[in-house]
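Peer 1: Take a look at the following structure, please.
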Amino acid sequence: MAWWHDLKERLAGAPRDLAYQTYEQQLRHELVRERLPKHVAVQADGNRRWARTNAPDQPLIAGYRAGADKLVEFCQWCADVDIDVVTLWVLSTDNLNRAGSEVDEILTAIEELVTALARVPEWHVGTVGDLSLLPEPIAERLRTAASESEATAGSLRVNVAVAYGGKHELRDAVRSLLAAEADKGTTLAELARTVEVEDIAAHLYTKGQPDPDLIIRTSGEQRLGGFLMWQSAHSEYYFCEALWPDFRKVDFYRALRSYAQRERRFGK
């Protein structure tokens, strides 16, 4: 009678599924294109906690792979509403201090993620972060996958933040600026007198891209964590309780609705 039990469960879930679909469609209908963000960034937290709850008998990589699958799905949601840029923070510099076996599992999932993203012809995929902190074979494979995607004229730009830390980015930007000015013969005294905000911005990992309009953080965490420290000066934040693999399209639409209802003043 197992079939009867399965049938009853499906029938019981049908009204719930219909209600969810109706609510999702309602949220989508409420979105006004002109009020939507052009650049959405996400701190995809909760993969490890999700694995310990939903796959306790499996290695932690099960959670990271579930999170990676959700990131691909998330990018498609963004493409469907004409968002131009998506930045996915998948590995922080602090995360590199975790146990070596866990870092290896995270890096395996990230490799699979970047490869999957780069296969979508409509997406232009790149990495942001300090890849020199990663094992060279992995860093090279990430560079290769990203460079192959760079050749495509994608309508959606996807930044995968790997070995990324906000303080590290600012340090690297200053180093790059100093080196570039030294090559031109600029003295430190001259640079100190003339350097402008735009000069530093031109050496960020995301140089040439718009700053994020909306930053989403999942798993109930309500801190910034150093994500896009420079670029997020005027960003709007949305915090969601769901663990990242459980993040649904309705959660995404709610974030967009919340953003659209805000009046952005840009410090004025």
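Note that Cβ sites are derived from N, Cα and C of the backbone, with glycine treated the same way.
Values in this document were obtained by computation on a predicted structure and should not be read as measured data.
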Peer 1: Given that TrEMBL assigns Gly46, Asn47, Arg48, Arg49, Trp50, Ser92, Thr93, Asp94, Arg98 to the substrate site, pick the one from Arg157, Arg175, Arg193, Arg217 that the record assigns to that site as well.
Peer 2: Arg217
Peer 1: Taking Cα atoms as reference points, which of the recorded positions Asp45, Arg48, Thr93, Arg98 is nearest to Glu236 (Mg(2+) binding site)?
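Peer 2: Given the candidates Asp45, Arg48, Thr93, Arg98, the nearest one is Asp45.
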Peer 1: Out of Asp45, Glu236, which of the recorded positions is least crowded by other Cβ atoms within 10 Å?
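Peer 2: It is Glu236 that, of the recorded positions Asp45, Glu236, has the fewest other Cβ atoms within 10 Å.
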Peer 1: Looking only at DSSP and grouping its letters into three states, which state does Gly46 (substrate binding site) belong to?
Peer 2: coil
Peer 1: Inside 10 Å of the Cβ of Gly46 (substrate binding site), count up the other Cβ atoms and send me the figure.
Peer 2: 24
